[in-house]
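The following features are taken from TrEMBL:
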- 33-42: compositional bias 'Polar residues' (COMPBIAS)
- 33-58: region 'Disordered' (REGION)
- 305-324: transmembrane segment (TRANSMEM)
- 331-352: transmembrane segment (TRANSMEM)
- 358-386: transmembrane segment (TRANSMEM)
- 393-410: transmembrane segment (TRANSMEM)
- 448-468: transmembrane segment (TRANSMEM)
Amino acid sequence: MSPLRTFLVSLALALPLIGGAIYVAASGSDVSQTWNNSSDTASGAPAAGGTGGIPPESLVGARRAAGEAGTQSGFLVTGTGELVAGVDKLTGSANDMTGATKELANGTQQLADGMTQIQAGTGQLGSAASQVADGVDQAVEQVQGVIALQPQLLAAIDDADRKLAANPAPDAADARKQLAGFRSQVAGFKLGGGTVDQLAQLRSGSRDIANQLTQPGSQYHDAIYTATDGSKQLSSRMQEYATGVDAALASVGELHNGVQRIDGMAKTTQDKTTAMQRALPAVTQVQPAENTDSEPEKTSSLPPMYAFLIAALVSAAGVAYVWSTGGGRNWLNLLGVSGGLALVGSVLFALLANGLGVGSALLGVLTLCATAGVSVFGSSALLSLLGERWGRIALAVGSIAQVGVVGWVWKTSAAAETASWAQAISALMPLHYPTSALTTIGNAGSGSALAVALIVMLLLGVGGGVVMRRSV
């Protein structure tokens, strides 16, 4: 057989194991389902040495109390989870409010700064307006002075003209002409009533503007100062408010941290309660109280390590037979060896399991027949594929490895929760499935765990038989 074909056939033989491991990893199934019905609270596996002298009734009470504690811890975790969600929303709202408050505080500070600048600008504008008003006063007074001097100027011009008329000097006539022109200009300077009123309004208006800008008590001056003072007070109050909001946000942060710690402690409590439930061994049988019609809590039990040892013994014996004899091609011999191993395993199963019914006993025998068949025919198929030398090495290494890994996983899971990855690795090994099936049968565990184990073993047995037939 070519190396490629050998690899493909080996991969095909391993497909049931790969499928079983994928199912374990994807479904989140736990080996504790083999001694707990899926609807029950997970508990420890039946103890291999009994209950250590503890009355079964006491264990029932302890398991009941642990179950109630687990339920309450679940409620507590749910409540703390809702509390954490509420505080998270509060923290988000507080952060949003803090941002808005800081923006508002910055805005009021900018308003106060702007009003201060407007106040300073108003003072400068008032000084300039006062200078303008003073200039307007001077200009109006000068214009009014000119108007008042006009009659006097005309009288003086007329007097000078009379004197020049009596003067016989040759230049007197020219002087009179110039004086006549000047008199016409002086006489022509006239201001109407409207112009005079406008000058008065200009003088009054410029002074009013200057007073509004500079004089305390004026409406504009006081309004600017009041607005500036109000903006400063508003900015100060907003700064105080922003500081208070920051302090409140810090308190909300402390509240959030405290709630997170409470939620963490609640989850820790739930984990420890679950671990306590897993550590309490299952009770094989508890008699009902007097004058009651209650049924015993559990009617059958098989410690998982007993199931593992039975499956390991049958599997190892089958591997040892094939390893020592080479398996051979005689199907009757292989079937006979498988039947003998199944018989020995069935006797051990009947001796070590407690309270088995007829149906459970028959299922156990069927499982052990499948276990022996998978071991014998699967080992023979492996020798056919790899040859006697490499096949024997693979059988020895594989047997030791699966006994160590599967045994550790099941021993650990009997009293504590085992990581999913460890259970998935265990599910890649053939010994995992007869251990799972026998434990489920002996403890009336989950039907799905039993079905998966039987299906994988059936496929492994059929695959080994097909390879053996083609190699004949």
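Every residue, even glycine, has its Cβ placed from backbone N, Cα and C.
For the transmembrane segment (331-352), the residues of the chain that approach it from at least six positions outside its boundaries are 302-303, 306, 310-311, 313-314, 317-318, 321, 361, 364-365, 368-369, 371-373, 375-377, 380, 438, 442, 468, judged by C-beta separation under 8 angstroms.
Within the same chain, residues 31, 304-305, 308, 312, 315-316, 319, 322-323, 379, 382-383, 386, 418, 422-423, 425-426, 429-432, 435, 439 sit at least 6 positions outside the transmembrane segment (393-410) and bring their C-beta atoms closer than 8 Å to a C-beta of that stretch. Here the transmembrane segment (305-324) has long-range neighbours at 48, 337-338, 341-342, 344-345, 348-349, 352-353, 368, 371-372, 374-376, 379-380, 383, 392, 395-396, 399, 403, 406-407, 410-411, 414, 430-431, 434-435, 438-439, 442, meaning same-chain residues at least 6 beyond its ends whose C-beta is under 8 angstroms from one of its own.
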